[in-house]
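Enquirer: According to Swiss-Prot, the record shows the following:
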type     : residues               : note
ACT_SITE : Thr2                   : active site
BINDING  : Gly157, Cys160, Thr163 : Na(+) binding site
Amino acid sequence: MTTIVSVRRNNKVVIAGDGQVSLGNTVMKGNARKVRRLYNNKVLAGFAGGTADAFTLFEKFESKLQMHQGHLTKAAVELAKDWRSDRALRKLEALLAVADETASLIITGNGDVVQPENDLIAIGSGGNFAQAAATALLENTDLDAREIAEKSLNIAGDICVFTNHHHTIEELESTVELPKPE
């Protein structure tokens, strides 16, 4: 597996992921790129799960973004519908974390599209560790989104054997003023 974390703070959103690819208990690759920019660099996406499955889903998601002129939520819902109902897609095992300048979403193979509380996403084998770390950093520090994502991935990498310290980090700055969380 892997760890993907997405943090939104002060008009910036970051999706970061480690680079480890495992086959059973063996590390096959340490520098995989599991975070990408899509749709003219306006959407960030990261995956946890099977690599080949995730690349298939990236392609499908990007085509949905094109179809819906970059509208993240519509594209995510359409992908989730296809993923749940298409016999071939249904067998794909991966989770997607996606974000644009206004929304952060988790897309699952069960047909779920979830906008998490506080726009914090952490998925994959080290996701619980990264989420706990990122939550603590969001609530108790003034670190920016990138620093929180990096630190939470490092903590997950120290604990989870399926997460390493080779990170890919992508960041978007929002021009849209978002309401402050209460």
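From the backbone N, Cα and C atoms, a Cβ is placed for every residue, glycine too.
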Enquirer: Measure from the Cα of the residue listed as 'active site' to the Cα of every one of the binding-site residues Gly157, Cys160, Thr163, then give the nearest.
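Expert: Its closest listed neighbour, by Cα, is Thr163.
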Enquirer: Run through the Cβ atoms and count how many others sit within 10 Å of the one on Gly157 (Na(+) binding site).
Expert: 21
Enquirer: Around Cys160 (Na(+) binding site), which residues of its chain at least 6 apart sit with Cβ under 8 Å of its Cβ?
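Expert: In sequence order, the residues whose Cβ lies under 8 Å from that of Cys160 (Na(+) binding site) (at least 6 apart) are Thr3, Ser125, Gly126, Phe129.
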Enquirer: Whose Cβ lies within 8 Å of the mean position of the Cβ atoms of Gly157, Cys160, Thr163, the Na(+) site, other than those residues?
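Expert: Going along the sequence, the neighbours appear as Thr3, Asp18, Gln20, Ser125, Gly126, Phe129, Leu153, Ala156, Asp158, Ile159, Val161, Phe162, Asn164, His165.
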Enquirer: For Thr163 (Na(+) binding site), what residues in its own chain, 6 or more apart in sequence, show a Cβ-Cβ distance under 8 Å?
Expert: Met1, Thr2, Thr3, Asp18, Gln20, Gly124, Ser125, Gly126, Leu153, Ala156, Gly157
Enquirer: What does DSSP say about Gly157 (Na(+) binding site): helix, strand or coil?
Expert: helix
Enquirer: Validating a neighbour-count step here. Other CB atoms within 10 A of the CB of Thr2 (active site): how many?
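Expert: Result for Thr2 (active site): 28 neighbouring Cβ atoms inside 10 Å.
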